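K.L.:
Below: one structure in structure tokens.
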Protein chains: 2
Amino acid sequence: MANYFSTSFTLGILGGGQLGKMMLYDTRKFDIKTHVMDPNPDAPSKIAADFFETGDLMDYNQVLQLGRKVDVLTFEIESVNVEALETLEKEGKKVFPSSATLKKIQNKGVQKQFYKTHQIPTADFQLFNSKADLNEAIIRKEVSFPFVWKSLTGGYDGKGVSVIKKQEDLIPLPDVACMREELVDFKNELAVIVARNVAGEIKTYPVVEMEFHPTANQVEYVLSPARIDDAVAQKARDLAMKVSSSFEHVGLLAVEMFQTSEDEVLVNEVAPRPHNSGHFSIEASYTNQFEQHLRAILDLPLGATEQKCAAVMVNLVGEANHQGNVFYENMEEIMRLPGVTPHIYGKRETRPFRKMGHVSIIGENIEKARSLAQDVKEKIKVISR
Amino acid sequence: MANYFSTSFTLGILGGGQLGKMMLYDTRKFDIKTHVMDPNPDAPSKIAADFFETGDLMDYNQVLQLGRKVDVLTFEIESVNVEALETLEKEGKKVFPSSATLKKIQNKGVQKQFYKTHQIPTADFQLFNSKADLNEAIIRKEVSFPFVWKSLTGGYDGKGVSVIKKQEDLIPLPDVACMREELVDFKNELAVIVARNVAGEIKTYPVVEMEFHPTANQVEYVLSPARIDDAVAQKARDLAMKVSSSFEHVGLLAVEMFQTSEDEVLVNEVAPRPHNSGHFSIEASYTNQFEQHLRAILDLPLGATEQKCAAVMVNLVGEANHQGNVFYENMEEIMRLPGVTPHIYGKRETRPFRKMGHVSIIGENIEKARSLAQDVKEKIKVISR
């Protein structure tokens, strides 16, 4: 084993957003040197990295140069130049997750095809090279309404996804390679964080549940553990392990899933990194997801994934109609509630729906935590003033 | 309330050792700007502070200049120039804990006298201006053996404390102002972390127990909660609150105590800052001690102090006969154990008995955690190679 602790060993991290920032708490805890690259000179990870440089994550040469300066390279965002990662791997650099895994995940068409090949249950789909091809398939009645349209690349946080009820709905969409996906009749949206280290040791976190706003199509609460039957939970965790092993993934993989009305579990999509749905682990798990990612990519033993308590996570997003210097209204009120911890990502400026932070709410059981989370959600507002 | 989060508000921290380093995880979490001063250019807090400068913490002008650059000033070590803090307070700067509190605590004679005045139970004592005065008191038979000798200033981590069984034992000791303290017949050494914010809100953490090595006079394990009767625990927490209120303390106060053979609880000494005996809180408490210190000095509501699970803390100190570049032997083995988290402070060089880090061990109950802690203690070695 390499000696990572208080040595000159350096971990490179592509991307310096909030996920990178939170990972740095754990590199500092272990005293592991880091070198971070992000295009934004004021990225949240700028502070607490040993070295920080600005650079374009999609630029072959800049990623290559960064990679050559470090001992192990990882990323906190999928939009990085994968060819540079391939070159680095050929040069003998350790890159985790690997370029091969990332390539399969970056393109949603390849990702879906991968599930099909590996008999991983997922919603039915068809791929199209262009909007014209999709329109023709509709005309030929090979596609029926409603369905889910997804761009094959570049989607993030709901962008690149649209529910299509009639052909006209396609008009505003971009002309890109895309897929038609079956609109799944689901009871719950679930997610499982699965960690797999270099040696192949694998562990899953308890299943989390995404609770949506009753009218707005927006995740309001992430609950851990999910309020589902043990049998469904076990099925979801088994499936997450199968996905991780099939990808021969190294690092964290967040597997988003649907629980159908018949209690089938279908893989929706994956993210090969720490994930919003795993933030609960900072306060509630024996090992938080960021430390677990480090353990996995550095081939250390994985930490226990059991929970110390129940947890609910609420995202702090900018209020509509507010743009400018951020102010967290009623922060003091929510900090008065027991087991409430705000995480502020460090973005000076708020914009409508911008992810500015999150709040962890822990409690003895999920009912108590959920009830407290509602208080938090109703009180805290991310505004400008 | 001031707006601390993602603004230009700046917290100054005197001292950049491991306590400051761990406090910075929480200033980062809240996105609160920090300005740290420490004499060591490679201090553990150098990384993750927004601004870091080297400076002598005992130098009036350097402390004054640092204080003038920040909005609120705190410290992570007691050895700072208290006159500079007084000047800053006169200039209207918020300094927490206050210079008045720190002055009472820096001198152990003044501290003991304070307990007596405030009817806070503590071991019997006598103060002496010099070694000669103490020797004369012995000759006059005003002092009997055995007793505990303590230097009134400058003691830290066992330095400046000595058990005196006969007059000859005094010979190697320095000629300084000192005290004779009764040697207490105690069952347990306990500690309570108490937090008090600017508004006077006050909360205690559960009582922790320091378990000593059966032969070497060294703390081996810090257990939380302590394995003591509820009545004794309540007495200890009440006493800690009384101490904090008497000092009108703002911030964290670690109150070290003796549980006597008659189940009396006596205050031994206090530290006006986050403390080694509170490290368990990072993994085990609803609010960790560093976040709690920030809440207290920024006059935010205090966080819940309940525990999510039981915890034992083991210090990582340099092995005897090892000096040089540090290597953590069997780190991988201890990381394989469930609920085990190493904290590496970031000192490149180990020396015999140097505090290099600590390990948190959490579990469902204190017996399980204690048993796991023993495994950890037996495996991990801080050596040079």
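Glycine too: its Cβ is placed from the backbone N, Cα and C atoms.
When I checked TrEMBL for this same protein, it listed these features:
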BINDING   B:K108, B:K150, B:E181, B:E182, B:L183, B:V184, B:E189, B:N268, B:E269  ATP binding site
DOMAIN    B:112-298  domain 'ATP-grasp'
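So where do these features actually land, and what's packed around them?
P.N.:
In the three-state DSSP reading, B:E269 (ATP binding site) counts as strand. Taking Cβ-Cβ distances under 8 Å and a sequence separation of 6 or more, the neighbours of B:E269 (ATP binding site) in its chain are B:K108, B:Q111, B:E256.
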K.L.:
Please compute the mean pLDDT of the model over the domain 'ATP-grasp' (B:112-298).
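P.N.:
Summarising the domain 'ATP-grasp' (B:112-298) by its mean pLDDT gives 94.
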K.L.:
Report the largest Cα to Cα distance, in Å and rounded to a whole number, among the residues B:K108, B:K150, B:E181, B:E182, B:L183, B:V184, B:E189, B:N268, B:E269 that the record lists as binding ATP.
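P.N.:
Between the most distant Cα atoms of the ATP site, 19 Å.
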K.L.:
Suppose we draw a 10 Å sphere around the Cβ of B:L183 (ATP binding site). How many other Cβ atoms does it contain, all chains included?
P.N.:
15
K.L.:
Would you mind listing, in sequence order, the residues at least six apart from B:E181 (ATP binding site) in the same chain with a Cβ closer than 8 Å to its Cβ?
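P.N.:
Listed in sequence order, they are B:K112, B:A123, B:D124, B:F125, B:F147, B:V148, B:W149, B:K150.
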K.L.:
Counting other Cβ atoms within 10 Å of each residue's Cβ, which of the binding-site residues B:K108, B:E189 comes out lowest?
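P.N.:
Lowest Cβ count within 10 Å among the binding-site residues (B:K108, B:E189) is B:E189.
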K.L.:
For B:E189 (ATP binding site), which DSSP three-state class applies?
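P.N.:
Assignment for B:E189 (ATP binding site) reads strand.
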